[in-house]
Each structure stands twice: as C-alpha cells, then as structure tokens.
Amino acid sequence: MTQTLYDKLWTSHVISEERDEHGDTTALIYIDRQMLHEVSSPQSFEGLRARGLAVRRRQTQLAVADHAVPTRHRDQPIADPLAREQVALLERNTTAAGVRYIPLTDGRHGIVHVIGPEQGFTLPGITLVCGDSHTSTHGAFGALAFGIGASEVECVLATQTLRQRRARNLRVRVSGALPASVAAKDVVLAIIGRLGASGAVGHTIEFCGSTIEAMSMAERMTVCNMSIEAGARSGLIAPDDRTYAWLEGRPMAPRGAQWEQALDHWRTLHSDDGAHFDRSVDIDAATLAPQVTWGTSPDQVLPIDGRVPDPAQAGSEASARKIARALDYMGLRPGTALQDVALDHVFIGSCTNSRIEDLRAAAAQLRGRRKAAHVKAIVVPGSAAVARQAEGEGLDKLFTAAGFEWRAPACSLCVAMNDDRLLPGERCASTSNRNFEGRQGVGARTHLVSPATAAASAIAGHLADPRRLDPA
Ligand SMILES: CC(C)[C@H](C(=O)O)[C@@H](O)C(=O)O
Ligand code: SF4
C-alpha cells in the first residue's frame, strides 16, 4: 500500500488505534522526544509532583528558557522578578526531575526551535513535541513534530505517549525558481494567504516540489514553522541529502554505525509515488513577490506592491467586518499603498527568521546603509551559536553600523513576554510569525515580513520592497 510521509511517521509510532463513529482515527502514539520551556511546563511538573510520578525517560527530554528571557544585560541576574522566577522554576523543576537543562549562560542556549535542530536533538523519523505551537518547525527534518498543551506535556513526561487524532494529508507543492529577493518567508506567507488561517485545520501539511527541494534547512524551517498559522499542527518536508549533511556531526545526532543505520531508515521517509492526499495545492514560485501582512491574522497578507484592502469591496458582510476591524486596530486606511505605511520599529528575530542565513539576508540589504532616524531596529539572533557565527562574520558590526541594536538570543519582540515590547499604536515590521492584536505589546501593530524586507524597510522608514534597493 502506498503511504504519505505523514502516514509512515504516524503508523510507525502507533501503540494502539481506534476508529470512532465518524470514521476518525484516534491512537495512542509513542513520543520519542520532548522539548520544554519556562512558559508551558510549570503546570506539567506540578502535576507530576501531585501524582507522585517520575519522568519516564529523562534522556528524551531537553529544556531551555527563552520566552521570558531578556535580550540585554545577560551577564546580570534577570531584573524583572517574575521573569527571574519563571526561569529559575524551570531550572529547579528540570534539575529535580533529572532532565537536561540548558542555562542562559550556556553556549548552546537559544530559542527552543532553533536549538533543537542545532544540537541534533531533532532528527528525521521521530515524533517530537513541545508545549509550544511552533514545534511544527522541526518538521523541516522529516520529524512528526507538533505543539501540545500543558496536560499533554505532563502525560509525555510521565508515559512517553499521547492520545492523538490522526490528521488528514494536505500536499502543498511549490515548483520553480524563486524570483530575486523572494524568501522562504514570502513563500509561506503566500501559502497561508491562499489556505487561510484555519484552512489546514485537521491536516498535516507536506511541503514538496522543486522550490522546497532547493531550499536550505534554514529556509525549510521557516516554512514549516508557520504551518500552524494555516491551522495545521504539523508541517513536513521529506529529508534528503541536504538534511543529512546538515545533521551529521551535530552533538546529539547518532554517530558511526548508528548514523549509517539511521540513514538507511531516513531514506525511506518520503511519500510513495501515487500516495493519497486528501487535498493538494500547487503554487508556481515564479508568481511570488515579497509579502507583507496588513491585518491582525497571518492570512491577511498581500504582495509588498499591493494596497490596503477596502472592506467595501469584500465578498461578504462577514469578511467586510473582519477587514474593517483589522484596519481599525492597525490604523490603516483602505487603498493606501503598503509601501506608504511608515514604521516605528523593525524586529529581526524569532524562531521563524533568526538563523544565520536570515541575518545574512538582512545584512545584505544593509551593507553601507543606515536605518531611517525615526525607526528603532533590533536584531535578536536565535541562539548563542547563531550569535557567535554572526559575530565571526562581522554581521554584528554591520548591523550596529546601520543603527540596529545587536541583542542576546531569546523570543523577545516576537511575543513581548520579556522586557522588549512596543507602546500602544507603535508599528513594527517584524520577521516573526504572528501579527495578532497585542502580540508585540498592548495596542502594538505588527507587519510580518521576511528578513530582507525588514532590513529594506528599516532603511526606508516605511514598508519597503527589498527588490527596489540598488546594491550598495
Ligand atoms: C508561549 C507559548 C506557549 C506560545 C506558543 O504556543 O506558541 C508562544 O511560543 C507563541 O509563539 O505564541
Ligand atoms: S520565537 Fe516567538 S513563535 Fe517562536 S517560540 Fe518564541 S514566542 Fe513562540
């Protein structure tokens, strides 16, 4: 029987399965690995203690604090008492449970979804969970990876299993060469625009096609990262030689004979010819332009040369109301050219776009230029390893010469759970993944863009097309 990649990952982890009266399949599945962070794990450890349970397989867990972590003064204790306690609690909980914890001062520290792959903790063919919706990122390696809730985190700690409903298969095939200055972020924003924010609910997306195959691992992670913004809990890309080359020699990746054995298995991880997909979407890469969101949901997105939509021209009353509400929050008038929208902030960072390739793409726009005087711009590398690499390449100097602040790794302005946040009404071009109301601070306005578009916009002082900047 032919199988999709998702089918293979699912069936190889099923312990027991049952079908309900609607024909849906629910199974108890085995979870190979779990990542933990300070926001979604306190309740789970508390639950374990209340039940008198121990962690079942400690070596399959990896913990790091990232959300509440400040991006400045990292040589000092965290000033905010709440954040300090959140981080300290994760350290206490993991130490007491005997779970690996990466401290803030460790050279391997960083955003959970950046360091998992970096350390080779993320591997093809495994099930990987975390109490965090952007766990879909790890699907870029051909892992079945998805976000779970705090009670499920507790269940995995105690039992190494989860009860899950089997998803349907959605294939998103992107084909052809990408035009210049069109990035993986633009590809995934365009896909979300096409599918809608809940278009992929109940599905696992497999991204495939020549455009995806040509992408670096960093680009593939950007794409899978945002699967959840189309409503899919997991996004997948079949592993290939690029995946294996990227993983080989990583600290937690298998070695020697085990590596060879793993490779043999990993090479079977692809959708078979003729495998059944419940839905398919095809996208021609040549038609894509740099994208920017104008609203308060990631599917409210348009090419950068577009104009703010007019509710009066919406297809339905419900859609008109939705657009009007988003425009009201965003402080935008219908018909305004997106490139006339002035900015207060630019944020380059988050688990979507904070890897070395992202920083290089932003830096390429900045070389020899300076940000607009009224714009405050920060760069937050995704991990200490990314920061070291960037500093080795002189990118930190390039960013600071362009007027950006070079910060220490954390989630930062992606979610404003640390002390980086915008003021009400302030507007930001951001390389993160969510533009929800209040995401970057109460009343703050977020436009999601690629690193190149963010850098071009910092220079221009308004949303700008990275294709327009002449090379310096
Ligand atoms: C805080 C955490 C649970 C949350 C998530 O689930 O994704 C955050 O990482 C986010 O990006 O919104
Ligand atoms: S960087 Fe943003 S999206 Fe990623 S885990 Fe942190 S808060 Fe969530």
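Glycine is treated like the rest: Cβ placed from N, Cα and C.
Bear in mind that TrEMBL entries carry predicted annotations, made automatically and left uncurated.
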Please identify which of C224, C351 is recorded by TrEMBL as part of the [4Fe-4S] cluster site containing C411, C414.
C351
Indicate whether C414 ([4Fe-4S] cluster binding site) is helix, strand or coil by DSSP.
helix
List the other residues in this chain whose Cβ sits within 8 Å of the Cβ centroid of the [4Fe-4S] cluster site residues C351, C411, C414, in sequence order.
D66, H67, I111, H113, H134, G349, S350, T352, S354, G382, A410, S412, V415, S432, N433
Residues that sit under 8 angstroms from C414 ([4Fe-4S] cluster binding site) by C-beta distance, when 6+ apart in the chain:
F347, G349, S350, C351, T352, S430, S432, N433, R434, R439, Q440
Fewest other Cβ atoms within 10 Å: which of the binding-site residues C351, C411 wins that one? Let me know.
C351
